[in-house]
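If you check TrEMBL, you get these features:
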ACT_SITE  D77  active site
ACT_SITE  D296  active site
DOMAIN    59-415  domain 'Peptidase A1'
TRANSMEM  452-471  transmembrane segment
Amino acid sequence: MLERSFPINHVVELSELKDRDGVRHPRILQQQQQQQQSVGSVVDFPVQGTYDPFRVGLYFTRVQLGSPPKEYFVQIDTGSDVLWVSCASCEGCPLSSGLQIPIQFYDPSSSSTASLIRCSDQRCSLGSQSLDSSCSKSNDQCIYQFQYGDGSGTSGYYVSDLIQLDTVVGDSTSSNASASIVFGCSVTQTGDLTKSDRAVDGIFGFGQQGLSVIAQLSSQGVAPDAFSHCLVGNGAGGGILVLGQIIEPSMVYTPLIPSQPHYNLNLLSISVNGQTLPIDPSMFATSGSRGGTIIDSGTTLAYLAEEAYDPFVDAITQSVAQSVRPLVSKDSQCYLVASSTPDIFPIVSLNFAGGASMILRPQDYLLQQNSVGGAALWCIGFQKIRGQGITILGDLVLKDKIVVYDLGGQRIGWANYDCTTSVNVSTTSSGGRSEYVAGQYNNGNSLQDTRYSLILIVFVAFLLQLSVIVFS
């Protein structure tokens, strides 16, 4: 059963969130410049956490690794490729978590199916194609080092072991499949990764490079070369994460830009209240000197290229100038609003190649911070990236949407959706296309729980009626 919320008491400033997101961006830029067969069932990962940045938000899932299987909590990250978990004798790894989840350490010697990845292993070459992985000649081990701009990072070695998979079969979810995958065994962590307030056991990279779990499972025919998520945006959080394509009639798709290490899209323009902003489309382009537009679930906020930020903010401000009091708070454009809801703010449309538009409601680009003199303070959650030519769409934008990563078709699609409800998921196998229902079994308020509640209510009503008869 999917748990949809957890208490977090640590409140952070917007500047801290920007710094934390900024840790990711140098590596994204560095990688940017470097340059179907599937099972007839749906692999379902439970989702916990929340986007809420003032609770130090993130979304994470549970994976089971090894024999016997052991459970690990890992952040869902479409901006990186490798699954890695903290390992025994790790230096700098947190021992506890403010997310109130148990911290576990993977130990290859405790798993009967674990093996080290040697330099001669063909799978090692998949990782060494990037600057993050290499081969240690001294001990013949395939190793990695992920380093970030502020000194945060992790390093370790690659291992091969079993991952247990929960699949949707009929009207239930069961652990009835497993596959051998390569993942990282982290032995050192530095910077923000050493902090315990939002600590998890590792990161689950959902990128499209060779060592990503989705690429490995797809190449083995264990899962389709597509995955989807639907992240709940309210305070309770949670959501849906499946291997397969979620089917929704209102889905729109745009092509992926080929030969990129990240999920790069061709953003053409931005509209506010139906009016296209005066922004040169080349500001969003992916080129040798510009990072382009990237979808990244590991980024909390959203970021606009410098040349696009001011026109965007100006258009928002002008549209509500008669109803709010604009002010700048800690380098962010904010507004004092009499209402606690942001309904007076305009609809924003991100317009992509292929005619696909991503419609942003006010809560998809605004953050409510606090109240001032009885008025609500709403701030623009999009931040400016100076001099890097990159636009990043993080959880602020991705929440409350079905997002489908169709790697076989090299496209990404989305649709606004209530992610607390179930979804239809499509997979393709040699027997044809099949559809399954996912999500309702991972909902803390599941259909099964509802049935139990109804039974309990009826039973209590029966007892009350019986007592009336007995004592009347």
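Glycine residues also receive a Cβ, built from the backbone N, Cα and C atoms like all the rest.
Quantities reported herein were computed from a predicted structural model and do not represent experimental measurements.
Rounded to the nearest whole angstrom, the C-alpha distance between D296 (active site) and D77 (active site) is 7. Around the Cβ of D77 (active site), the number of neighbouring Cβ atoms within 10 Å comes to 23. Secondary structure at D296 (active site), as computed by DSSP, is coil. Other Cβ atoms within 10 Å of the Cβ of D296 (active site) number 24 in total over all chains.
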